[in-house]
Structures are given as C-alpha cells and as structure tokens.
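Please read the structure below before turning to the comments.
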Amino acid sequence: MKQKLSVVKIGGNLIEDPEGFEHVLDLFSKMDGNKILVHGGGNKTTEMSQKMGIEPKMINGRRITDADTLDIAIMIYGGLVSKKIVAQLQALGTDAIGMSGADANAIRAHKRPVIKVDFGLVGDVDSVNAYGIFKLLQAGFTPIFCALTHDGKGQLLNTNADTIAAEIAISMSDQFDTTLYYCFEKKGVLQDVEDENSVIHHIDSKGYDELLAYGIISDGMLPKMHNCFHALKNNVSRVCVGNSSMLEAGNPEYTTLTL
Ligand SMILES: Nc1ncnc2c1ncn2[C@@H]1O[C@H](COP(=O)(O)OP(=O)(O)O)[C@@H](O)[C@H]1O
Ligand SMILES: CC(=O)N[C@@H](CCC(=O)OP(=O)(O)O)C(=O)O
C-alpha cells in the first residue's frame, strides 16, 4: 500500500492576515505523515509593484510578468514569504526547508508561448523532480515551495502557485496516495462569492462545466478549479478546497472535487 502524502497550498490572502497565517501554519505543522506546503503571495507582489510604480496586470488569474515584475516576484516569493513561513514552521517544530523550482532542479518549466496573450516571464511546468523531493521527505525535511520555476538555462519564471501545487501532487502520486488541499480565505467554492454560507460541498466535472457556464467561478478561482481537475485526471487521489479549518479533522464545511 502507498504511503499518504498531503500537498497543501496556501493562498495570498491567508498569508497576508497575521492571525490566518499563524493559524494555518499551526494546523499544517500538526498534520501527520508526509507533507509539502506550497504558498502564493500574489497580493504582496501586487502591493510591491504598485509601490515601485509598476502597474500590475492579471489575466484569468495569472500575472503578466515583465523583467521588473519577475524581480519583485523573486524577492517576494523566494525571499520574504518563503523565509517567514519557514521560520514560523521551525518555531512550531516542523523542519521546513524553503524551495523554489530551481533548487534541487525541483520544477522545470518553459516560458508560456504567446497565443492570444503574452504573459511574459511566466512558466508552464515541464517536469517535477519527484525523486529529489522524495529524498527531502525521507531525510525528514518538510519542503515549502514558492511560485517560481526555472528553465534549466538560468532563467527563473513566475508560475501560479495553484499550478505548482497540482504539478507536485501529480508527480508524487506514482509513489504516494496524495491529497491536494487548496487552502484560502473562504470556506470553499461558493455558489455566491459574497455569501460564506453558500459552500458547494461537492463538484464533479459536469458541475464544473455548469459553474463555468453560469460565471459562478471567476478570477483566481479559475486557475484553482482548472488545477483541481487536472490533478484528479492525473492520479491525485483527493482534492479539497476550503479555509484553514479544512486541515482539522471533523470539519465538514469545505468543497471536495471528483471527476
Ligand atoms: N465561486 C467562488 N467561490 C469562492 N471564491 C471565488 C469564486 N469565484 C471567484 N472567487 C474568487 O477567487 C478568489 C480565490 O482565488 P485566489 O485569490 O487566486 O486564491 P488564493 O488566495 O488561493 O491565491 C477568492 O478570494 C474569490 O474572490
Ligand atoms: C503567473 C502567476 O500568476 N503567478 C502568481 C504566483 C503567486 C500566486 O499564485 O499567489 P496566490 O496563490 O497568492 O494567488 C502571481 O504572480 O500572482
């Protein structure tokens, strides 16, 4: 029987809120078994870009990344956010190690081809070094991944953190029985984004098509849902979307997805 692995992605809004940040890392540190954390931080990059006079641009939940924006992303994701998370987890007794896709050649990508939109220095994932990540887990480390990949020729690329989480979960699923958790500030996928009490408890492929058609999912939820189904189609055992409480046993209020 395969060992269990939890891949937990935490979003920018959770990271920005000091209470939410401590709470989610506390729950993550208490999770049993093999685990990997993936973090975003898009809000902070938006804020820093504005401070530096660069107008942020997002299309379908993905950032248009010019060279200056990439530098900001590297500083925010690979530096500020990563190191704060690692330090907090160390304080909680979890032996965390901060990783970008370039470290240990963990995630290779190529620049997203220009079709209708030129996203600039945004990476589409080609491969994940599952064996390298496995060795870190075996050595007792908890890998903490940020939203950066590399092309193997010295170029770092900005990659949506939801995509990173899905690709890591998929690549580890040959060896592990993997659950992918998308943890953000809302209780789950909501029927009405303004109403926290409208959690959709279960979504399958048909339901997903309907939600898309009725415009019930938008913005950052678009790449998240796309990645949920991409993961399920590629051997990830379970995918869940919800707030931090989803990581605690016995909480029914979140969204589970199936094909
Ligand atoms: N149906 C929906 N249910 C919940 N959130 C939704 C929905 N449609 C759009 N959203 C938006 O998607 C956002 C989550 O995407 P994003 O900000 O990228 O997440 P993360 O915090 O994980 O990075 C929510 O804050 C919400 O504004
Ligand atoms: C290409 C792309 O869009 N990259 C994202 C990476 C960070 C991210 O995904 O952060 P959240 O999870 O907090 O949204 C961005 O720069 O916003």
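Each Cβ is built from the backbone N, Cα and C atoms, and glycine gets one as well.
Just so it is clear, the model here is predicted, and its values are computed rather than measured.
Residues annotated as substrate binding site in TrEMBL: GLY41, GLY42, ARG63, ASN158. Counting only residues at least six positions away in the same chain, the Cβ atoms of GLY42, THR45, PRO56, LYS57, THR69, ALA73, PHE119, VAL122, ASN158 sit under 8 Å from the Cβ of ARG63 (substrate binding site). Under the three-state DSSP scheme, ARG63 (substrate binding site) falls in the strand class.
Feature annotation from TrEMBL assigns domain 'Aspartate/glutamate/uridylate kinase' to 5-243.
In the three-state DSSP assignment, the secondary structure recorded for LYS9 (site 'Transition state stabilizer') is strand. If you look up TrEMBL, you'll see LYS9 (among others) marked as site 'Transition state stabilizer'.
Residues annotated as site 'Transition state stabilizer' in TrEMBL: LYS224 (among others). Under the three-state DSSP scheme, LYS224 (site 'Transition state stabilizer') falls in the helix class.
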Enumerate in sequence order the recorded positions LYS9, GLY42, ARG63, ASN158, LYS224 whose Cβ-atom distance to ligand 2 is under 6 angstroms. GLY42, ARG63, ASN158
Recorded substrate site residues GLY41, GLY42, ARG63, ASN158, farthest C-alpha pair in Å: 12
Additional residues surrounding substrate, by Cβ distance to the GLY41, GLY42, ARG63, ASN158 centre under 8 Å: GLY12, GLY40, THR45, THR46, THR65, ALA73, ILE76, TYR77, ALA147, ASN160, ALA161
So which of the recorded sites is most packed in, judged by how many other Cβ atoms lie within 10 Å of its Cβ, out of LYS9, LYS224? LYS9
